[in-house]
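What follows is a short report on a single structure.
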Amino acid sequence: MLHHSGTKQALVGSLAIGTTFFLSPVAGILTDKIGIRTTTFIGGLLASGGMLLSSLCTRESGKSTLITPVRDSNTDLPTTDKSIYCQSDMFVPCSALRTHSVEGLYLTYGVLFGMGASLTYTPSLVILGHYFKRYMGIVNGFVTAGSSVFTVIMTFALDGLLKHVALVHCFQVLAALMALVMPCALLFKPLPVLSSQPQRCDNSLASQLKSLINVDIWKRKKYVIWALVVPLALFGYFVPYVHMVKFVEIKFPESDGKLLVMCIGITSGVGRLIFGKIADIPRVNRIFLQQISFLSIGLLTMLLTVTNSFALLVVIALCMGIFDGCFISLLGPIAFEICGHKGATQAIGFLLGFCSIPLTLGPPIAGLIFDHTNSYYIPFLLAGVPPILGALALFAVCCVSEDEKEGVSLAMVDASTPLQNGKGPVLDKTRGTWVQVLATSYTSATSPYYIPECHNLLMSPGHHTGSLQCYTQGDKRCYSYSIL
């Protein structure tokens, strides 16, 4: 059996995580065009197929190839694969891929599985916004906490499985698990999104592109800043997660690095629930919570360079998990808050697409620095800088204000009731057709301006005022409104 270099082994995992996030914009566009259910089903099929084909890449002369860890020259412990992304929300084998056909895994695991993971991850965040408005934070926290639970379970399950069976069977087990995504996808029942934009027939290239890409989200200054700053912060964000086990092998050779993975997984799940609940409190700024998470991760990463006690390292890992949970659980809610119900799908997709670059390049660059310095002092010190700078840069999101004309039109509502003077909003001729009112005046059931549709869409944190337009269509009263 041939043993390949650590660079080739790490490339398999890097391709998988990079493909997952790089194709997220495509996943967002497909979700808008063919629906959440179909997109997720196709993703489950590709992910399961990629795992199954990966099992074929581990066969040699009709026999499966066993994993035999290679001893590190500096320690008595087996070398750990640096491609492990313990917080990537997907399954990654926890051992080195040392087979003669590792190049085949670039396509089957790195690309094919990555494509499937991308088509399932983005819709899983979007579907929550279809049903939950007021408690979207805690719902996102609860759903994303599932990946933290499986981070702990799969870390030990796969490690034990690889010690007793061939890698081929490990991939087959993962293929069966990924196949469960397909029946789960059939349970999705997205709500229809009403559009306030008239449909026009135009076959020009520009029109076709606009029909695929939601250009309205790029008119939102808050989203543009957020979508650019978050990826920059992630250049150092995942470095400690990827290199933590190797760091323990070198500095604390008698300790088990998997314990830190378990600590991060457990507290990340707890953090997603806690900060998800906090994010649902009225007037709580979700961007500010994300700033706290970036700042904390950056400082904790730098603290790794002066850690001389494994007990202190465990405490740092526990804290990193808490704030990692904060960051992960707020991605969906912030996208819905900034871009609205209609624009959130592609807003999430493009954000994750931008994140693919730092997630793919950051950890390997840290690995190269380690190879030249034979120390994690400089890599961890530098890795703490981008999250801290990102936390500071996010203040720009709070400073900019959206112009009223740039408001995201969420829906065109037909009230289906006769227009009567004195009931409901009326035209204000002194101010044109726009009627500016407090959100509470048309989301309170006791108000004469109460509109159920407005209540369902606008009762979410951060939405305190809105613009409401009323007009007549035959004998019916109709409304269009936007978030300020």
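Cβ atoms are placed via backbone N, Cα and C, with glycine included.
These numbers come from a predicted model, not from an experiment.
Beyond the ends of the transmembrane segment (12-31), by six or more residues, the same chain brings 39, 42-43, 81-85, 88, 90, 92, 97, 102, 105-106, 109-111, 113-115, 117-119, 121-123, 126, 212-213, 345-353, 355-357, 359-360, 363-364 to within a C-beta distance below 8 angstroms of the stretch. Marked as transmembrane segment by TrEMBL: 12-31 (among others).
Among residues of the same chain six or more beyond the transmembrane segment (38-56), those with a C-beta under 8 A of the stretch's C-beta atoms are 27, 30-31, 104-105, 108-109, 111-124, 167-169, 171-172, 174-176, 178-182, 184-186, 188. Marked as transmembrane segment by TrEMBL: 38-56 (among others).
The transmembrane segment feature in TrEMBL is assigned to 106-128 (among others).
Positions annotated as transmembrane segment by TrEMBL: 135-158 (among others).
For 164-188 (among others), the entry in TrEMBL reads transmembrane segment.
For 223-239 (among others), the entry in TrEMBL reads transmembrane segment. Cβ atoms under 8 Å from those of the transmembrane segment (223-239) belong to residues 85, 87, 217, 287, 290, 294, 297-298, 301, 327, 334-335, 338-339, 347, 350-351, 354-355, 357-359, 361-363, 366, 379-380, 382-387, 389-391, 393-394, 396-397, 400 of the same chain, restricted to positions at least 6 beyond its ends.
Beyond the ends of the transmembrane segment (259-275), by six or more residues, the same chain brings 86-87, 137-138, 140-142, 144-145, 148-149, 151-152, 155-156, 241, 244-245, 248, 289, 293, 313-314, 317-326, 328-330 to within a C-beta distance below 8 angstroms of the stretch. The transmembrane segment annotation in TrEMBL covers 259-275 (among others).
Taken from TrEMBL, the feature transmembrane segment covers 287-304 (among others).
Through the fold, the transmembrane segment (310-336) approaches residues 87, 89, 125-126, 128-129, 136-137, 140-141, 144-145, 148, 223, 226, 237, 240-241, 244, 248, 252, 255, 259-260, 263-276, 279, 286-287, 289-290, 292-294, 296-297, 300-301, 303-304, 344, 347-348, 351, 460 of its own chain, all at least 6 residues removed from its boundaries and within a Cβ separation under 8 Å. Annotation source TrEMBL lists transmembrane segment at 310-336 (among others).
Using a Cβ-Cβ cut-off under 8 Å and counting only residues 6 or more beyond its ends in the same chain, the transmembrane segment (348-370) has close neighbours at 10, 14, 17-29, 31, 82, 85, 118, 121-122, 125-126, 217, 226-228, 230-232, 234-239, 242-243, 331-332, 335, 376, 378-380, 382-383, 386. Annotation comment: TrEMBL describes 348-370 (among others) as transmembrane segment.
The transmembrane segment feature in TrEMBL is assigned to 376-400 (among others).
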